[in-house]
Ligand code: SAM
């Protein structure tokens, strides 16, 4: 395809909000700058029509690094004996929210490993507490796979959103990343339960995880088209020194940006973060993500003492641009590229 044909097909993708597998595959792996820059510009244009130049922020509170699962890629997997484990209690979570609210955060994301300490009752108390204190804020949970009943109780207590990446939609690839105790079927089932219960649902996948091929990424996009999530989080796979994948190669920046732009064109309304992993892979990863069509950033609002312990991958960024207390720095960096951080719940625009 020549330049003109590429441009026409990208514009067609933006119009149809869909494309054939072969073209998606070509775009995912494309490294020609004249194609990728047109792709990112088109995605940024679609984003600006709906969201202007606003960037939504979420305060990420990493409530626990205990996990009963043993995903091969993840630094907080059960078998990692090198890690000091922690979870934070109700009062500490509320203190994080207090600090976050003062900084202008209107969404709090409680994320953690699958930790039995957080029973339904405990979580319901936490959610009710946050909602009572900050009724104008959204509460997002990202606590892995739970039962439908549990998701219902948490939603009834006031949880608004739930993030659960499907990680990979390909059965064979899923098996390369997870032990036999976990199943793709259950992961997907959880996502559909969450939707059915009225959560705004977020899903997504890692880019460049071991064994991944472009066909898997196309399957990921097709799965997302079925799910129609409100939020889509992707980020590069990054190795962690105390996991079986310690020697594996990290995900590719261009591929992450290409996929961010493709997601924006397939799902114009979606809330798409420029993730911490992207910011860890490249010092300007956040900005590059926004310029390719992302519209959310999730600075770290966890207590300082635990940030390094929530160690999903090597060298996780959490103290510079990534830190909630350095919001001014983030604001400046966003202004420099023509975007602005806003104080709002940051819901999907209709
Ligand atoms: N336990 C919850 C769950 O399973 O959804 C939330 C916590 S989990 C650690 C959050 C996300 O971190 C996962 O969905 C995964 O995509 C990402 N993650 C874990 N290890 C990673 C790695 N080595 N590189 C990049 N992302 C990773």
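Placement of Cβ uses the backbone N, Cα and C atoms for every residue, glycine included.
Remember, TrEMBL labels are computer predictions, not curated facts.
If you look up TrEMBL, you'll see 53-275 marked as domain 'Radical SAM core'.
Per TrEMBL, the feature [4Fe-4S] cluster binding site maps to 67, 71, 74. Sequence-distant neighbours of residue 67 ([4Fe-4S] cluster binding site) (same chain, 6+ residues apart, CB-CB distance under 8 A): 74, 76, 77, 78, 112, 113, 114, 115, 144.
Under the heading (3R)-3-methyl-D-ornithine binding site, TrEMBL lists 142. Residue 142 ((3R)-3-methyl-D-ornithine binding site) falls within a strand when secondary structure is assigned with DSSP. Counting every protein chain shown, 19 other Cβ atoms lie within 10 Å of the Cβ of residue 142 ((3R)-3-methyl-D-ornithine binding site).
For residue 187 (S-adenosyl-L-methionine binding site), applying a Cβ distance below 8 Å and a minimum sequence separation of six or more within one chain yields 145, 164, 166, 167. Feature annotation from TrEMBL assigns S-adenosyl-L-methionine binding site to 167, 187, 238.
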To the nearest whole angstrom, what is the C-alpha distance linking residue 71 ([4Fe-4S] cluster binding site) and residue 238 (S-adenosyl-L-methionine binding site)? 14
Give me the CA-CA distance between residue 238 (S-adenosyl-L-methionine binding site) and residue 142 ((3R)-3-methyl-D-ornithine binding site), in Å, as a whole number. 20
Residue 71 ([4Fe-4S] cluster binding site), Cβ-centred 10 Å count of other Cβ atoms over all protein chains shown, is 20
